[in-house]
Amino acid sequence: MVSEGFPEVGVIGLKGAWKRSFWRLILLALGLSGLLLYGLPVVRHLEVLIPMGICPLARRPLRDNFTGPLQPWARPEVLTCTSWGAPIIWDGTFDPDVAQQKAVEQNLTIGLTVFAVGRYLEKYLERFLETAERHFMVGQRVVYYVFTERPAAVPHVPLGPGRRLRVERVERERRWQDVSMERMRTLHEALGGRLGREARFVFCMDVDQHFSGAFGPEALAESVAQLHAWHYHWPQWLLPFERDARSAAALAPGEGDFYYHAAVFGGSVAALRGLTAHCARGQRQDRARGLEARWHDESHLNKFFWLHKPAKVLSPEFCWSPDIGRRAEIRRPRLLWAPKEYALVRA
C-alpha cells in the first residue's frame, strides 16, 4: 500500500529542484549578458538579487559567550545563522556594550597577527597598526605579532594601555605565493610558543587592509571564519573551491558551506593550532605531489572549515572591499581592503 504522504514529498522535491534550476538559469543569463554587453563588473550590481536565505533559528533567541543574547531576526534581509547553528554576525544583531562587558568579565588577552614581508611592510603596515589601535578590541588587552624579515623597519606606533607589540623575524620567500602559504606553518609554531602563552584568543589578518570601524569582542569565538566579500551572494556550486581532486584542499561538487576569506580568521589558541596544522600539512602534501592549490592557503582553510565547522561566521561587514561598491546590507564596514597594487608589492 502506497503512503499518502509520498506524493507530497515528491512535489516538495520537484519544487526544490525547480528553484535550483531557475536560479542557475538566471545566473547564467546575467553572467553571459554582463560579459557580452558591459564586462564582468556589471554582474556585481545584479548579484544582490540573489537571496542569501533565511536563518532557520531566527524565531528563537541565540546566545553567545561573547555577546550575550543575539537578535538574528533584526536583519531579515540577510542570512544571520548557519545550518549548524553558528551565528553570522551583522551590525544590529548584537549589543556592542554587552559584548564589551562580557569580554571584560573574562579578563582576556587577544592576539592579532600580521605578516609584513617585502614591500608590504612599507606600503601597508603602519596604517594597519594605527587603525587597529583606534578600532581593534578597544578596551581589551591586545598583543600584536608582526612577522617580517626586517624587524628594524617596523614603524613605531604609539600603543594604548595594556597593548603590546612583538616583532618576529621570518625568512623572505622567493615567491609571494610561498609567503602566503608558509604563514600557516609559522603561525602554528608561534601559537605553540610565546603567542600561545600570552593570548587566549587570536586573530590572523592580512596587512593590506585597514580598520574603519569597531572590530570588538562580538567577533570572538572558539573558531571564527570570515565570509568573502566577493562571494557571499553566490550559490554553493559557483564558489571557487579547489576542485582538483589530487589536492589536499579539494572539495567535491556539493561540498562546502560558504567561501571563507583567509584575510581574517581566528579563534582560541587550541582551535587555531588545529587549523594551521591542517593547512600546513595539506600544503606539504600538495608540494610532494607537485601541486599548488588554486587559492593557496585560502583553499586549504576552506577545506578545514568544511570538515570542522566554525563556531562563528563574520559577515562581509567585517572585511569589505570598496571595489565592490555600496551595498545596502553593508551598514558599517570594520575592515576595508586597500587597493591591490600587485605589480608594485609583489615585484
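Placed from the backbone N, Cα and C atoms, the Cβ positions cover glycine too.
Features as listed in TrEMBL:
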type	residues	note
ACT_SITE	GLU298	active site, nucleophile
BINDING	PHE115, ALA116, VAL117, TYR120, ASP206, VAL207, ASP208	UDP-N-acetyl-alpha-D-galactosamine binding site
BINDING	ASP206, ASP208	Mn(2+) binding site
TRANSMEM	21-40	transmembrane segment
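Annotated features taken from TrEMBL, shown on the structure.
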residue	record	Cβ neighbours (10 Å)
PHE115	UDP-N-acetyl-alpha-D-galactosamine binding site	25
ALA116	UDP-N-acetyl-alpha-D-galactosamine binding site	27
VAL117	UDP-N-acetyl-alpha-D-galactosamine binding site	21
TYR120	UDP-N-acetyl-alpha-D-galactosamine binding site	21
ASP206	UDP-N-acetyl-alpha-D-galactosamine binding site	21
VAL207	UDP-N-acetyl-alpha-D-galactosamine binding site	23
ASP208	UDP-N-acetyl-alpha-D-galactosamine binding site	21
GLU298	active site, nucleophile	24
Separation of alpha carbons, ASP208 (UDP-N-acetyl-alpha-D-galactosamine binding site) and the residue listed as 'active site, nucleophile' (Å): 16
For the UDP-N-acetyl-alpha-D-galactosamine site built from PHE115, ALA116, VAL117, TYR120, ASP206, VAL207, ASP208, further residues of that chain with CB within 8 A of the site's CB center: VAL114, LEU121, TYR124, LEU125
Diameter of the UDP-N-acetyl-alpha-D-galactosamine binding set by C-alpha atoms, the set being PHE115, ALA116, VAL117, TYR120, ASP206, VAL207, ASP208, in angstrom: 11
